[in-house]
Amino acid sequence: MNPVIKKFQFGQSTVTLETGRIARQASGAVLVTVDDDVSVLVTVVGAKTADPSKGFFPLSVHYQEKTYAAGKIPGGFFKREARPSEKETLTSRLIDRPIRPLFPEGFQNEVQVICTVVSTSKKTDPDIAAMIGTSAALAVSGIPFDGPIGAARVAFHPETGYLLNPNYEQLKASSLDMVVAGTKDAVLMVESEAKELTEDQMLGAVLFAHDEFQAVIKAVEELAAEAGKPRWDWTAPQANTALLDAIRSEFGAAISEAYTITIKQQRYARLDELREQVVAKFSGEEGQPSGGEVKDAFGEIEYRTVRENIVNGKPRIDGRDTRTVRPLAIEVGVLDKTHGSALFTRGETQALVVATLGTARDAQLLDTLEGEKKDAFMLHYNFPPYSVGECGRMGATGRREIGHGRLARRGVAAMLPSADEFPYTIRVVSEITESNGSSSMASVCGASLALMDAGVPMKAPVAGIAMGLVKEGEKFAVLTDILGDEDHLGDMDFKVAGTAKGVTALQMDIKIQGITEEIMEIALGQALEARLNILGQMSQVIAQSRSELSANAPTMLAMKIDQDKIRDVIGKGGATIRAICEETKASIDIEDDGSIKIFGETKEAAEAAKQRVLSITAEAEIGKIYVGKVERIVDFGAFVNILPGKDGLVHISQISDQRIEKVTDVLKEGQEVKVLVLDVDNRGRIKLSIKDVAAAEASGV
């Protein structure tokens, strides 16, 4: 196959799609190059047959950043890339989410997508290039796929408006970082963080991106027309309508009644009981469907029952209408020895959230393609199996936990104080202790509460809510505060976090095409109503950050010294600063501009370390009295140490009002004496007096 190259203009950039030169044994492979900035190789492989034992669609997406792409060699002992970083995991999820709903229903052949960053100038994020490459590789592969998709990043500035595909530098000045993906006619995925933008501004960004990435879809279609492989001869399995009708006829009413049980565990127990009855009745004998087929049919009846009830205006599973938030229970300060804590309960979803403050040295060191950087804010989300009443695997953090933690982090990050205002490292951990829908948004609420409880000066409290959608034909219902079942059986998962003033995070995943601007507008409006309700209830428990940090938190003292004094504080080989830290049990961070941050487990420890630094960096003040130690005696006087590293001369004439023949008649080495600073010349030499101390003290010096 001869290489096929397609170039197109995407905003300010020229994008090149190339297929047929690299990775030719993959089902589809495309090398995406954006200007001379970034290149990503995307491969897609699809298995020709399905594994019937799996019973689901085994799609896997792997995004990987190779250090050679940025001209670097990996660190560590093995000098090769190890397990995926958090950035790689999040980007893998970002690519997976818009493509998964576009594979046909019933398609269960394994599909693997691998996106490899092979070259980067480190100026822009390669994720959009990887998403474009995924769309193109699927389009040329012949695998059944209802694409192509387009993708774009959007920034926003109040004065200049929306900006397409900003680089890292432009994002720093932006109030918005949003990634949008979708097809020619529909938006399928949104991932964003913002600085309190309005709902209209957020919706405008989504629509702006959808208009702009039409250029991507057009180019991919042209590439597929020229270089695409024949589409697979695959047909969807026929639905067993007779089985569906039989189950609905005999068990439909019981299933519908089960979905009126408001307590999750009781509802699941009743549905399990009905499922067993259905499997026993309709499978097992010769000529009857398999147990798995009957279970799938039962699930289809569940799906249709819940959806029909909702769009026809009946109460939801737990009896609520479409706009009501579940009952809230909010507590702060629930753990005595932590720095800040909160227990946030919304219905059957509960998060125990803990905030911990640390020193600058506790910041996370990130080794990225762009270079090393420090992250002084971490939010970790844990989802133990007991939260849904199950036994399960315990071990490494999963992709879902990383993704939910990042979403919760996006929700609160914009409301944190700057490093200058609050130079602590902050770690928030959300332990999901119960789950029945929207645990990530419970984590946002809990994180805001725990941070305020810890005394972190938040700009404003933050709350989050998850919205859902059920759409049948022209009928639709937007649901506020969805349950787990409504998430699973619905057409949209729409999470919004923000303050009373505006949106700080928006995540949207849509499983169907045909979500209109009107529906998104209604969802954002209902989410605002729910968010304000939750913020109101949170403010009744804690309305603003505590005025003082927790007594358990480390004490931080800030000071600044002359830059030429930095080496005195550090000492030869770090000996001086190490000694201060060991003796006071405090930690000291010194910046190149002379800024010093001192952290102590107690206020006393931090203060002791500060006094040690002050004593090292202090200058002798003319007219001030010091208690010093005689270091050396000479014929014409004595040298007295008044500050660390600073000796002054007491001339023999300044020792006493009486005439002195020999200095040693009055002073001895090691003796402590009070001295008055008479002068400091331009070479830093200090003149001292002992005889004038009494007069100076009498005058109140």
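Cβ atoms are placed via backbone N, Cα and C, with glycine included.
Some features that Swiss-Prot has for this protein:
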- D487, D493: Mg(2+) binding site (BINDING)
- 554-613: domain 'KH' (DOMAIN)
- 623-691: domain 'S1 motif' (DOMAIN)
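Here D493 (Mg(2+) binding site) comes close to A466, G468, I482, D487, Q507, M508, D509: these same-chain residues lie at least six apart in sequence, with C-beta atoms under 8 angstroms from its C-beta. DSSP gives D487 (Mg(2+) binding site) a helix state.
In the domain 'S1 motif' (623-691), the DSSP tally of helix, strand and coil residues is 6 helix, 36 strand, 27 coil. Secondary structure by DSSP for the domain 'KH' (554-613): 32 helix, 17 strand, 11 coil.
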